[in-house]
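Written out below as structure tokens is the structure these notes cover.
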Amino acid sequence: MKDLTRIITDTGKNVNAFLGIPYATPPIGDLRFAPPQKYPHWNETRQATNFAHHCPQLPLKPGINDQEDCLYLNIWSPENSGLYAPLPVVVFFEGKNFYQSSEFPISGQDLSAEGMVIVTMNYRLNVFGFFCLGLPEARGNLGMLDQYSGLLWIRQNINQFGGDPEKITLYGHQTGAVSVIFHMVSPRTAGFFQRVIISSGSAVVSWQHQNDPIVASKQILRMLGCDAYTVNPLKCLRSKNVEHILQALAEYSESFNWDDKFLPVVDTFLADTNRYLPLDPVHALREGTYLQVPILTGISKPITDEQFMQWLELASQGYPQLQQYIEKAKIPEITRLYKLSTTNKDQIFDLIKWKYFSSNQGDVRILFDELKDFEYQAKIEAPHFLQLSQLISSYVQPIYVYFMNDVGFVLNTSDSTITTDLLLLFGPILLKQIAKRRFSASEMSLSRQVRQLWANFVIFGNPTPNNQIKSWRKYSAGDFYIENFGPAASCVNEENKKRIQRVLFWNQLLPKISNIRDNLSNNIPKELQNSPDVKEYVIKAQILAGGRGKGHFSNGFKGGVHVTANRNDVEGIYQKMLGHNLITKQTPKDGIEVKKIMIAESVTIKRETYVCILMDRQRNGPVIIASPAGGVDIEAVAEKTPHLIKNIPIDIFEGVTDSMAEEVATFLEFKGSLKNLAAAEIKKLWQFFLTVDATQLEINPLVETDDNKVISVDAKINFDDNAQFRQKDIFGLEDVTESDPREVEAAKNNLNYIGMTGNIGCLVNGAGLAMATMDIIKLHGGDPANFLDVGGSVKEEQVRAAFNILTSDKNVRCILVNVFGGIVNCATIANGIVGAMKSMKLEVPLIVRLEGTNAVEARRIIKESGLNIQTAEDLDDAAKKAPMDNRPTRHRRQANAAPPSSQRGTAVKPTRHRRQANSAPPSSQLGTVYLGRYLFNIAASD
């Protein structure tokens, strides 16, 4: 090593620092998403004076955490170490949720001064460290393998730095603590370490390891254009730069189900010799099948958190804002992490609010403190004691437990990885780095005490050997002894018992309540039990809106389309959907309640294409639109790669001929016998289009399956409203429960109504005049709230119905009536207006412009009514009189339905006046997994 860094610590002892030592070959190029490779020996003198870059993570900081060449470790060793007996070694792992590392490089110099060799290391995180397709070439757990590779390097080389390879302690903090547990469970690390320190982290909670990691990985592939349409998805992914991958990760984290994360996985899909984590850590701890060594473990409240600033901002806005955040966001988030049932969510929510948020008496400061306690106890304290209870049930080695009180550190950072115990252990250098100040005398005294106790544990396996300093008893089922540090740190056994009792709320009470099912939940498993066994299930929310796959629920659950191979998981998934509002880009801001769920057999897709037959106004007839690049991103295909879109007009007399169907199948890149199957399916779709009087029949995707079939997997269909007399059976299936009730009411009265985003209600006759009216309103700075056409043969009762519809929109600030009477009798409109106003209390201004047939009589009727009605000379005058206070809202609901495929190519659930939109579920390793054989529907009324 070159340019040795010698440090004088606060104790006056010298420590040598060796920074930025490579322990594995840089994982770049073909080594991205590959297990770590041994770093080749070097013969030249190497500088070891600077920390290496952090591994890629969010938020992206160029020059700090954007380099994949990041597999380096750092060593601190007391001066003259190794001259006598080799020193014990501490290997420190840190991180947050396997997604991020601390924004500050942790220096081990002060801890090393206690007579130990300290090692820290970088390892791959998030998608770079835990990308997994359940295949040997995309195996996942790369971040864990990086740590293992670092441990192997340490065993082979630490003696050169004065360390003893037979006296290694793994010290994990937060995510690092979870890593330590995983290394205890892994059969590969036997003999690699002799003690462990587990700080503020638990491996027994569901949000720290992933049973099905493939969902997140497939979504990242799709978002980066490396899905099944690519010959080699991994090769494609390796061609993307770090910034693009992190950008996709950021979008994924915002848009998709946060339950599907990049985390360590149980890798039983690999050959025995290649597995790193063959056992579920939860089961391993419960059954005692892990490496048993002495444990020092405890928790410490985060001194700060990136969420604290958000909470403070909400608190500054007032009590209602913070309360709404707690009830609408924070409580649902925690219950989702604990996988608590949504069937009886109201009871669970009420119990949580009673437990944590019932004593504030409207005081926002108390509510803020309650929120901090709620977050800490649910995410840190309860998981810690759950893990402890499982450890002591089968543990034969000593366990020492601590609790670190807040000693009053005030830090200028939002890094939630910094906790009290971390500051006390890593000493003055870390505090100076973060807070730009030195320890006070009392802080320094406590720091030295803590470092000495931790050093004793590393050296002797006991923090108080021979009862030095104090007597720290072992933790056991009969003696829940917890050593307390910080202000008022007396070891009061009663307080420790209270702490254990407190977490029983999370670890026992809520799970038991969650298992109580109502009648709906009890009935549904019978449907599952009676359904045929399938390879994979698709669970799909049935609402009249598109974008379901990328939507999220009011309870925090993400995605209205889910795929699982585990029959037992189906119930848990649909219970998170049923009865909750699904919010997509096409729904109102509060979403639409899911009252029905379709469960179907999935189809594993090798390749997906797009076919649509529709009536094209420009061509005055039907056309086929086709693309070999189908799926959820078809709009992007049309925009970015228009050469992948083919438009073929259909002669209405000849229809879709054999040659035309073959042409389309060829363009869709079907080969051999599959081309014949695709052509036959296209002809069936044309016949279906004619039979049901469709104006649009979109198949997205038309797929090639892995067993060489061509299937129309999903469809959206528009029907010709003028054909209702011929298609009574189809139109009789219309479900208006999710439609805008104003549109339903308008249809009953033969009115045409479409809700919009503005606040000026419009009543007009004729579509052309309606469009002109809205244009004039916009021209004068207003915003129309609707399109409402009363038609030509309107009657007075229809006008009154129209006013009822307009005033039902709470955002309407003004009503503008613009009628040009040709067929329409203006006097009829006037009588309808007067009758409506007399029968209701109209609280918004009304501006009326009437011209044409009987306009003079109409004006007389309005004038003699004595009602507060403003008249206008013309449309421009009317628009100017409307108040222009715009407060946009969203009412328009897009329709959606996607039933299973039929023998003719597709089956439909009709809607009127709407486009049926549909969104794709998550992708599989070879493509997108969509709906296949229909199994059954679940409805809230069942």
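Backbone N, Cα and C atoms are what each Cβ position is placed from, and that goes for glycine too.
Marked as ATP binding site by TrEMBL: K540, G547, R548, G549, E608. E608 (ATP binding site) carries a strand DSSP state (E or B).
Residues or ranges marked as Mg(2+) binding site in TrEMBL: N700, D714. Mapped onto three states, the DSSP output places D714 (Mg(2+) binding site) in coil.
Taken from TrEMBL, the feature substrate binding site covers N765, G822, I823, V824. In the three-state DSSP reading, I823 (substrate binding site) counts as coil. Within 10 Å of the C-beta of I823 (substrate binding site) there are 12 other C-beta atoms, taking all protein chains into account.
The domain 'Carboxylesterase type B' annotation in TrEMBL covers 10-477. The predicted model assigns the domain 'Carboxylesterase type B' (10-477) a mean pLDDT of 87.
Marked as domain 'ATP-grasp fold succinyl-CoA synthetase-type' by TrEMBL: 533-704.
The feature domain 'ATP-citrate synthase/succinyl-CoA ligase C-terminal' is assigned by TrEMBL to 763-882.
As annotated by TrEMBL, region 'Disordered' applies to 873-924.
Calculated from their C-alpha atoms, the gap between N765 (substrate binding site) and G547 (ATP binding site) amounts to 34 Å. Taken residue by residue with DSSP, G549 (ATP binding site) is part of neither helix nor strand, so it is coil. When secondary structure is read from DSSP and collapsed to three states, N700 (Mg(2+) binding site) falls in the strand class. The least crowded of the binding-site residues E608, D714, judged by other CB atoms within 10 A of its own CB, is D714. Between the CA atoms of D714 (Mg(2+) binding site) and I823 (substrate binding site) there is a gap of 44 Å. The maximal spread of the substrate binding site, taken as the longest Cα to Cα distance among N765, G822, I823, V824, is 10 Å. For the pair V824 (substrate binding site) and G547 (ATP binding site), the C-alpha distance works out to 41 angstrom. In this structure the alpha carbons, written CA, of R548 (ATP binding site) and I823 (substrate binding site) are 44 Å apart. Proximity to N700 (Mg(2+) binding site), defined by a C-alpha to C-alpha distance within 10 angstroms, is shown by the following binding-site residues from K540, G547, G549, E608, G822, I823: E608.
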